[in-house]
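*Asks:* Would you mind keeping the following structure in view while I ask a few things?
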Amino acid sequence: MNSLIRSTARCLRSGATVCLLRPADGPARAASARFLCEAADLQKDLGELVKKDKVVVFMKGTPAQPMCGFSNAVVQILRMHGVDRYASYNVLEDQELREGVKVFSNWPTIPQVYFNGEFVGGCDILLQMHQNGDLVEELKKLDIRSALLDAEKESK
């Protein structure tokens, strides 16, 4: 990402409207200097967004109305643990956000979950954490007590 920012800055300083990028792992590509600036701005904005709240979810739809099964599963897992307050962003409303978050996390799918600004994973990772008990521990680190702990006590 740093090389992308440096390339963009060089292009803008030179007054070019189109830059030739030479990634280490592929062929050279032409890209608009303006687009590259916008992409760098989006990555910076995403970095700030994921740090705003303890729990952040990029999903298809909203927690009240998920628009895909995987996003719904993430919402349901969080609800089971009593996590009702979290930031959610509907990637279906903004194509740049949808693609940008994939680049930001280097993760190809939606939904994406962040705890304290750190990428946790998608639906499969959150489900695995729920099943093996790691999610309770990770929530504890965020000062969020899992509702499943209280449910366990009540059933005894």
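Placed from the backbone N, Cα and C atoms, the Cβ positions cover glycine too.
Dumping what TrEMBL says about this protein:
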DOMAIN    55-120  domain 'Glutaredoxin'
*Asks:* So what's the average pLDDT for the domain 'Glutaredoxin' (55-120)?
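*Replies:* Taking every residue of the domain 'Glutaredoxin' (55-120) together, the mean pLDDT is 96.
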*Asks:* When the domain 'Glutaredoxin' (55-120) is classified with DSSP, how many of its residues are helical, how many are strand and how many are coil?
*Replies:* 26 helix, 18 strand, 22 coil
